[in-house]
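What follows is a single structure, written as C-alpha cells, with notes after it.
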C-alpha cells in the first residue's frame, strides 16, 4: 500500500534494512559533497584550471545524482515519502534547480578576480556553466602584419539558464564527460570561432552554437539564435560517428591578402604620396596600401582594426603615421595613431589609445626639426589638437592639447621651415598656432578683411619654398598668407569653379591647384602666375580630392569617386586604381574564368580580372544593386536591385537584354540552377521567385513563387540535380522547396542526404561551427564553400573574414581570422579554381582578394 508522505499524511513504513541503506547512501553523499566543496575551493583559487576541474566536478555531481536517485528508488520500494527525493517534488520534475527535503546543493559564486557570472546549480545531464578558459587568438601571418592586434574576448555567460528540452536523449555540446584537454594544445596555437571580436556586444539570450544539443535518435541538432530553436538534420554519412563534443581543427589552408581594390578619396584628403621605394601609399578600409604601379605589386599594412582616416609621411620618407576611427575591438578599436616602417611594415609606435574621443582626422609630422613631433586633430564633439613627442616610449608622450575649433577641421600641417608652428583650417577659419617653451599652444586666427565674401570652408593648405602659407577655399580662391603672420599678402580669385581641394608645390617651385568640382588641374609658377599648362579629368572619375608629386614630371591624383590616376599635364592621366563609392552588396565569381563581378548602391557594376588586378568593364545601370550571379556558362549576368527589379546582361558586351520586376522590395539573392534551366530570386518581400530559362539564358518565364517564409530571404542554395532549393530568412528559418512546383517540403529530415551545389546558406548542419557564442543571427552575413569542399569562408559584421574546415559541423570549430575590412563584410566568394577568395566590405566600399596558401 502506498502511503502519503506529506505533512498531514499517515506514518511511513520503515525497516532496519531501509535504515542501513539510508545510512550508507547518506555517508557516501556527505563524502561526495565534501569533494564538491573542495573542488569549488580549487575553482576559486585556480581560475585557469577551471576547464580541467569542470570535468572532474561533473563526474562527482553525476555520481551524486545517481546515488540519490538510487536512494529514492530504494525508499520508494519501502514506501518512503516521495518528497524526500531531491529530483522530485509532488511527483514531477522541476527545471534546472531542484528541491530537496534535506538539503539543496548550491555553488558559491566565483571570486571577483575571475569576473564571471555566478556558477549555476547543475545536475548530471545539464551543461556545465563554469566559465571557460580564455583561448589565445589565432593570428594570421599573411601580408606581413605579425604585429597587428588580436582579440580573444569571451562572450558573457547568459544570466539565466535556458529550460531543458523535453527529450533526455539530447546531449549538450558542453558535455562534461569530454575534457578540453582532449583537443591537445589548441588553446595556445589557434583561435576558437566562438571568441567574439568584442566583449558584451550580444544579448545574453543569443545562444548560437554554444547551447546546441544533439538528439542521437533522430540524428538532429538543435541550436538557438536569439532564443529561437533551430533543428538541423545530420546527413547519414556524418550521423553515424557524430560527436557534438569534439573540437574541429582549423583548416591547413590559410589566406594571404593578395590585392586590395579601391581607395578612400570620397571623404578623405592628403592621403596619397610617392615613397622612395617607388610605391604610392594610400588607404582604404583598415588597410594601408603600398602599390608599385610599374611592377604591379602591392604590399599591405594591416595593423589597424577600423577605418583609417588620415596619413602623414615622416621627413625621412621611411616612417608613416596613420590614424583610425573608433572600432569594435575593446582596446585596439579605440581611436589611435600607428607609426610604422614602410619597408619592413613593422609597427614602431602605437599612440593615444584611450586619449582620443572619436577619430583622428588630421596628422602631421614636424618638418623643421626632422620629425620629432607629431600633431593630431581629434574629430570629437570639440575638435581638439594635440602635439606628441612620439619617440618618447613606445606609446609616445602628449606634450599639449587644446580645443582647436568649434567647427570642422579638415587639415593640420606643421610649418616646413619655422619650428613649433602649426597651421589648421576648416569651416570658416584658418588658424596659426605657436608652441611656446612650456608646451602651450597659442592661436592666431586668419584675418579675411580684404575679401568681400569670406569662404564657408578653407579646404586645403600648402607651403611655398619661401615659407608662405597657401590656402584654397570653397569659393575657388587661392590665398597667400604672409610668413609668420595671420594676414593676407596675395589673393587670386576664382581659380576654379567650386572648391579648391588640393594645392601641390613641386620641388622645382611651380604650383599645381586642383578643383573638386570642375576636375581641372592648373599650373602656376612660383609667383602664382599661370603657366598655361592644365589638364581635365574625365567626369566619370570624379572631382580631384588630392594631388601629389610623382616621379619626374608625373603627378598622382586621387579623386572624389575613389579613383587614383597617374600622368602629367602634357600627356594626360590614366586610372591605375578604380573603386566603388557607396555600400557594396553584390558579388559573383565567374564560373570558368579568373574574373568576378561587384555592384552596389553607387549603381555601378564592375567586372574585375583577378590576375591583372584591373577592371575589365564598368557600367552604370542607374539602379542600386543588391545581388548578382553568373549563368552556369558565364555568358549571362543577373543583377538584382533594391526596388524589386532585376536585369539580364551580357557578361562580355555589358548589353542589357531585359529588365524584370518582382515586387517592390530588394532582390536579396539570385542563383541559377546547376543545369541552367531555372533561376531563383530571393526577395525581401519573403518570397522566392522561380523562373524557367530559355533562349541561351536570355528569356525568362515565371514558374511560380515559393511562399512560406515569415521574414525576408537572406540566402539560398540549389541541389546538384536542380530539383530542390533550400533557403534562410531573416528570422533564422531553414526551409526546403520543390523547385519545379514551388511547394515547400515540410519534412526536412527527408532531405538530409541531398547533395547541394553550394553552401551559401549560413544556417545548415554543415555550417553549425561558423556561429559564435551569443550570436544574434545577423552577425554572419555571408558564407561560401570552396568548390573542392575542403574549406568554407565567412564574412561577419565586425569586418572579419574567417576560414573554417568544411564541413563545419562541430559547435566548437576553430578557424583562421583575417582583418582588413572596416565595415560589415557583406559577401565572400571563391574563384572558379579555388585559388583565391574575394570579399567585399559594405560601407568601406573595398574589394579584397585573398590568396589561398
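Cβ coordinates are placed from backbone N, Cα and C, and glycine is handled just like the others.
Annotated features, as they stand in TrEMBL:
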COMPBIAS  20-29  compositional bias 'Acidic residues'
COMPBIAS  73-87  compositional bias 'Polar residues'
COMPBIAS  170-184  compositional bias 'Polar residues'
COMPBIAS  189-201  compositional bias 'Basic residues'
DOMAIN    297-567  domain 'EML-like first beta-propeller'
DOMAIN    584-852  domain 'EML-like second beta-propeller'
REGION    1-32  region 'Disordered'
REGION    73-101  region 'Disordered'
REGION    118-217  region 'Disordered'
REPEAT    577-618  repeat 'WD'
REPEAT    660-701  repeat 'WD'
REPEAT    706-738  repeat 'WD'
REPEAT    818-853  repeat 'WD'
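Most Cβ pairs within less than 8 Å of the repeat 'WD' (577-618), among stretches 660-701, 706-738, 818-853, belong to 818-853. Summarising model confidence by region, the domain 'EML-like second beta-propeller' (584-852) averages a pLDDT of 96. Nonlocal intrachain contacts for the repeat 'WD' (660-701), taken as residues 6+ away from its ends with a CB within less than 8 angstroms of a stretch CB, comprise 626-633, 635-636, 638-648, 707, 709-718, 720-722, 725, 727, 729, 737, 739, 742, 757-758, 760. Secondary structure by DSSP for the repeat 'WD' (577-618): 0 helix, 24 strand, 18 coil. Counted with DSSP, the repeat 'WD' (706-738) comes out as 0 helix, 19 strand, 14 coil. The DSSP breakdown of the repeat 'WD' (660-701) into helical (H, G, I), extended (E, B) and coil residues amounts to 0 helix, 24 strand, 18 coil.
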